[in-house]
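S.K.: Below you will find the structure I want to go over with you.
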């Protein structure tokens, strides 16, 4: 493992061989809070926000960053977003209430989802939250509820550009058979209704083509399709959107073999696509929804090796976490980098690492080269800030881990570790 690769995650080994994350010794954190444990760096998080800001400012006159909450949503994250003047996209009442609980401005929330209930819609309208409309049925509910409340609904229509992005099938969202969004023809019908309804303020449009995409051409192609759509909207209705939300899906590096694409490259590709059919973008505010690309490389997971086992000629390591704290490996076949928390100059061996859950598919990482590992040693999984805690479960009735945040050389607990009592507290 090259030190330069680790430095890109703000990880370094000190002279004694201990791994530091944003200048904090991870062994100290593991000993204090126990394992498995999520650790995030607020320093890296803010750096990622600023990188997107810089990229957007070079390409667009007006823009806003909306954090994709589903990647990792806890109170501390929303506090940071507020302090950095960043909005958020939300997909559930849980995410909305978490944001509002720390004083998040509801006008900076954009409510997504294909299955919003009438109760969800009413709450959003009462609070002044923007609603991203997924389908005609939802649109009709919004009209009905807005009329009853005598309020104006601020909405965006979600469209699908018909692009099959190069990523895992489960996280493609922009193709025509996706469960999300409206075809262009379906959108045309709703635009006509929006522009003629007193209770609807059509702010613009939203599209999103998928997740963990490293191919910039997918972003350019989808933006080109959308620019053609916007040109047609202008011709048919004389309407120019105030906002265009181009979604997220920007991929990050998980392993040394992954392609590294800068935030500037992603944003520039979107601009190139939009300019294919639009001559002027200055009247349109561009919204962008990074999730993984803001929080993914911000986090690590620390595991303790509980047992070792030899299976034929292979070395197995069993750790104190697994699919309950990171389901992405068995769900998507996701690949991660796993390293020793301490370098001792031992012989390098190949290991396969498994979790504690009662599933053969409970894989942490296969065929990993590590310095010789003993029971009781700690391992660290990189790029574990996104879709780990947010997808964690109590499978086998194990409690979910806590979360520690590092900031300017200090650290604090931001999510308590669950107890077994909390796991069973709702049983009757």
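Numbers run from 1 along the shown chain.
Cβ coordinates come from backbone N, Cα and C, glycine included.
All annotation found in TrEMBL is predicted automatically rather than curated by experts.
What you see is a predicted model, and the numbers here were worked out from it, not measured in a lab.
I grabbed these lines from TrEMBL:
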DOMAIN    51-295  domain 'Orn/DAP/Arg decarboxylase 2 N-terminal'
MOD_RES   70  N6-(pyridoxal phosphate)lysine
BINDING   249, 289, 290, 291, 292, 387  pyridoxal 5'-phosphate binding site
BINDING   292, 328, 332, 359, 387  substrate binding site
ACT_SITE  358  active site, proton donor
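I'm curious about the neighbourhood of these features; can you describe it?
M.R.: There are 19 other Cβ atoms within 10 Å of the Cβ belonging to residue 70 (N6-(pyridoxal phosphate)lysine).
DSSP classifies residue 291 (pyridoxal 5'-phosphate binding site) as coil under the three-state reduction.
Of all Cβ atoms in the shown protein chains, 25 besides its own fall within 10 Å of the Cβ of residue 292 (pyridoxal 5'-phosphate binding site).
Around the Cβ of residue 358 (active site, proton donor), the number of neighbouring Cβ atoms within 10 Å comes to 8.
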S.K.: Neighbourhood of the pyridoxal 5'-phosphate site (249, 289, 290, 291, 292, 387): other residues with Cβ within 8 Å of the Cβ centroid, in order?
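M.R.: My list of surrounding residues reads 68, 70, 71, 211, 248, 250, 293, 294, 295, 296, 386.
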S.K.: Spatially, which candidate from the recorded positions 328, 332, 358, 359 is nearest to residue 387 (pyridoxal 5'-phosphate binding site), comparing Cα atoms?
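M.R.: Out of the listed candidates, the nearest Cα belongs to 328.
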S.K.: Using only the Cα atoms of 292, 328, 332, 359, 387, which the record gives as binding substrate, return the largest interatomic distance in Å, rounded to a whole number.
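M.R.: Result: 27 Å between the two most distant Cα atoms.
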